[in-house]
Amino acid sequence: MTIDLLSRRICVLLFTCLYILSYLILTHFKKTAEFVTEDIEDATVNKIALWLCTFTLSVAVSAVLLLPISILSNEVLLTFPQSYYMQWLNGSLIHGLWNLVFLFSNLSLVFLMPFAYFFTESEGFAGSKKGVMARVYEAVVLLLLLALLVLGIVWVASALLHDNIARKSLYDLWEYYLPYLYSGISLFGVLLLLLCTPFGLSRMFSVTGSLLVKPRLLEDVEDTLDCTTFEEDALSRKLNCGSPSCWVKLNMEAMKKEHQTLRSQRIALEMRRKASPWQRNLGYPLAMIGLLALTVMCVLMVCFNVLELLLDETAMPRGMEDPHLGMASFSMFGSLGAAVQVVLILYLMVSSVVGFYSSPLFTGLLPRAQDTNLTQIIANCVSLLILSSALPVFSRTLGITRFDLLGDFGRYNWLGNFYIVFLYNMLFAGLTSASLIKTVTWAVQRELIRAFGLHRLPLTVSRSTVPFRLLLASGLSKIQ
């Protein structure tokens with residue numbers, strides 16, 4: 001078996017595993033009623049659209065793993081340069097992965113996802129025979145019309161920006177207009193990451209804090225559990241009442257949903273009450289310190305990259321044809337620095353997803369278990385694909401890694417513009433620092449007010465006007 005054939009099989013095996021993982025994720029969130037229906041035609045259409053969404057999500061996960069796999073592969077080849085079992089791990093494999101992810105990401109974004117949406121919404125042309133193929137014909141026609149519209153917009157944009165190039169014949173579609181379109185999509189994704197990631201970095205503290213058990217100084221689990229149990233019992237008595245009033249009958253469904261929510265909160269609080277002292281007093285502080293360290297490290301690396309941009313031209317992001325794996329480490333700190341780069345890249349991706357779903361514009365896209373319709377699934381897959389496909393360019397532009405972009409990822413027009421790259425780094429450092437300072441100060445103030453019991457003050461009393469002596473006296477009384 002040749003090394004190239006083995007590399008192809010490894011790529012197929014990796015993508016198959018990611019496809020299975022993506023399918024399990026989507027089946028966890030999909031609305032079962034859309035796929036178990038008496039109309040066989042609708043069920044078939046929904047299953048085909050779900051398969052396309054699964055393919056798109058697996059491509060998005062592959063795009064997230066591009067840089068980590070490339071960086072770790074280089075470190076493995078540095079550690080085992082003459083190993084017979086590592087011959088399959090070479091530059092050709094990594095370069096092929098980058099090209100395949102670029103091809104499939106653009107294929108999914110430009111063709112598959114619009115086709116899936118039109119396919120689910122179509123009913124066939126008027127007068128035609130109903131069936132799945134009638135929907136396919138209508139979806140293909142709508143997709144062609146959309147492609148013509150997008151290409152027309154790209155041609156007009158290129159005419160406004162580059163008049164002499166835009167006058168060329170449309171036979172340059174593959175050589176000029178499609179790369180121009182890909183460059184615009186990548187720029188949109190990178191700008192979306194610029195807005196979502198700083199906000200997500202600040203939201204990571206509250207999201208992580210809600211998943212962990214806080215120390216008793218910061219949270220009174222017993223008090224919260226008693227209040228939740230009392231509210232649940234009160235709702236249970238109202239629901240089990242033999243002769244409810246008329247307004248209770250009208251709000252019965254809302255009361256049942258609220259009762260289920262309170263029950264879930266009570267079970268979660270009971271589990272948190274049973275947490276061990278180590279988990280309570282050590283897990284939460286370590287998690288907060290780890291998040292703070294990762295965020296500060298990201299800001300410092302971006303600031304260092306800004307200085308390098310001013311002093312060294314090689315700090316600009318660029319593409320390369322041959323990755324030259326196993327020659328030198330992409331971090332000045334060796335394998336440890338490479339591991340830190342991988343952790344930071346994955347941390348930035350998670351933060352960007354958290355910030356995306358926490359923003360007011362995209363909160364409605366947040367998927368719910370067993371209650372997400374197919375249109376929302378398509379929108380989520382498109383959003384995640386845009387974010388993940390821009391992650392390699394985002395990480396290299398900010399200087400998180402020194403691994404240059406491979407294949408078509410390094411051919412974007414705006415990457416060579418010093419002012420865009422420099423302004424992008426400055427905006428990211430400024431927005432992240434402002435969000436971090438605001439989050440930390442507000443979190444400390446909120447936890448102090450809750451720990452000293454001042455959150456029980458009446459609403460007519462402004463908590464911001466509570467003097468420091470009252471805080472100190474309340475804290476000393478609690479300690480005593």
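Cβ coordinates come from backbone N, Cα and C, glycine included.
Here is what TrEMBL says about this protein:
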TRANSMEM  6-27  transmembrane segment
TRANSMEM  48-73  transmembrane segment
TRANSMEM  93-119  transmembrane segment
TRANSMEM  140-160  transmembrane segment
TRANSMEM  180-201  transmembrane segment
TRANSMEM  282-307  transmembrane segment
TRANSMEM  327-357  transmembrane segment
TRANSMEM  377-394  transmembrane segment
TRANSMEM  414-437  transmembrane segment
Under 8 Å Cβ-Cβ from the transmembrane segment (414-437), and at least six residues away from its ends along the same chain, one finds 183, 187, 190, 194, 197-199, 201-202, 295-296, 298-299, 302-303, 305-306, 309-310, 316-319, 393, 397-399, 405
For the transmembrane segment (377-394), I need the partner stretch with the highest count of C-beta pairs below 8 angstroms, choosing only from 6-27, 93-119, 140-160, 180-201, 282-307. 180-201
Report, as numbers and ranges, every residue of the chain located at least six residues beyond the transmembrane segment (327-357) whose Cβ falls under 8 Å of a Cβ in that stretch; write 'none' if there are none. 64, 67-68, 71-72, 74-75, 78-79, 192-193, 195-201, 203-204, 207, 294, 297-298, 301, 363, 365-366, 383-384, 387-388, 391, 394-395, 400-403
